[in-house]
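Peer 1: Below is a structure I'd like to ask you about.
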Amino acid sequence: MSTNIAINGMGRIGRMVLRIALQNKNLNVVAINASYPPETIAHLINYDTTHGKYNLKVEPIENGLQVGDHKIKLVADRNPENLPWKELDIDIAIDATGKFNHGDKAIAHIKAGAKKVLLTGPSKGGHVQMVVKGVNDNQLDIEAFDIFSNASCTTNCIGPVAKVLNNQFGIVNGLMTTVHAITNDQKNIDNPHKDLRRARSCNESIIPTSTGAAKALKEVLPELEGKLHGMALRVPTKNVSLVDLVVDLEKEVTAEEVNQAFENAGLEGIIEVEHQPLVSVDFNTNPNSAIIDAKSTMVMSGNKVKVIAWYDNEWGYSNRVVDVAEQIGALLTSKETVSAS
């Protein structure tokens, strides 16, 4: 039995999640809430500058979209509490707007009739469980929580990497820098922004700024609380980012042993190890959370380690959103099956 999902928001992540979810047999995309007409949404799903032409044909219809024989209802209401989730029997509302990332706001989807909510960004508070695949997804709890957060693209990259290093060698402390492609909260030309560096043109400069990844990491890896800190450098590329992680370990290691730990981690689809001398464009539309750049792994004094991990901050992250939605759906189905028996 497939899980009925609705997607709130058709920005970069919302559209990528839709592309992926439409090809997942365990998910049934029932509805989209967006402020644009069907023709605009269909065009932006079919044709994407970064990820290319979609391999399915999405067509606009009256008040909706059609993909083959499958129809998706299109609604437009800025207040999630007014959305027809109960009428449409929505199991999971995926909120990709970034505007309802506090549990007290996301609860509007539950009030509208959705069984669960999945946020495509870090939670800003409230009764929300943050879930990162390959880190704490085995603790996903649909009994205790109605609202879940898939954290950030950077947390999804650094989380599995830090967990492997900590489990195998023990992390004493460390610093991370994410070299991040531009995002739509930056300015194409100089304009006001609460972060004065992000107020500057994203196409002209390397822009130092903050990242919430280290803070979010403690929610999914509490054993590393207080041990990692970091910052971001926004660079003028349209997609694909990397994490530069430097840690002091409890054990002495070699670069080969570090790379082998990632190879043996058993996190297929989450961590990939790349031995070729590649550059960022080569990882565009890579579905993994983290791709270890094996040639860049360094060790100094036996226990100081540098690891470079690439990630497609759009496509890789959106794959994890779909993975978590699928996991929540499977747990809901299992619960309903038990209740019916």
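Quick reminder: no glycine exception, Cβ is built from N, Cα and C everywhere.
Annotations per Swiss-Prot:
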- C153: active site, nucleophile (ACT_SITE)
- R12, I13, R78, T120, N184, N313: NAD(+) binding site (BINDING)
- S152, C153, T154, T183, R198, T211, G212, R234: D-glyceraldehyde 3-phosphate binding site (BINDING)
- H180: site 'Activates thiol group during catalysis' (SITE)
Peer 1: By a simple count, how many Cβ atoms lie within 10 Å of the Cβ of T154 (D-glyceraldehyde 3-phosphate binding site), its own Cβ left out?
Peer 2: 27
Peer 1: Within 10 Å of each Cβ, count the other Cβ atoms and name the one among the binding-site residues T120, N184, T211 with the highest count.
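Peer 2: Within the set of binding-site residues, the most crowded position is T120.
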Peer 1: Closest to N313 (NAD(+) binding site): which of the binding-site residues T154, G212, R234, going by Cα position?
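Peer 2: Result for N313 (NAD(+) binding site): the nearest of the binding-site residues is T154.
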Peer 1: Work out how many Å separate H180 (site 'Activates thiol group during catalysis') and R234 (D-glyceraldehyde 3-phosphate binding site) at their Cα atoms, rounded off.
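Peer 2: Computed Cα spacing between H180 (site 'Activates thiol group during catalysis') and R234 (D-glyceraldehyde 3-phosphate binding site) is 5 Å.
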Peer 1: Where S152 (D-glyceraldehyde 3-phosphate binding site) and T120 (NAD(+) binding site) are concerned, what is their Cα separation in Å, rounded?
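Peer 2: T120 (NAD(+) binding site) has its Cα 7 Å from the Cα of S152 (D-glyceraldehyde 3-phosphate binding site).
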Peer 1: Which of the listed binding-site residues (S152, T183, N313) has the least company, meaning the fewest other Cβ atoms within 10 Å of its Cβ?
Peer 2: T183
Peer 1: Taking only the Cα atoms, work out how far G212 (D-glyceraldehyde 3-phosphate binding site) lies from R78 (NAD(+) binding site), in Å, as a whole number.
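Peer 2: Just about 27 Å between their Cα atoms.
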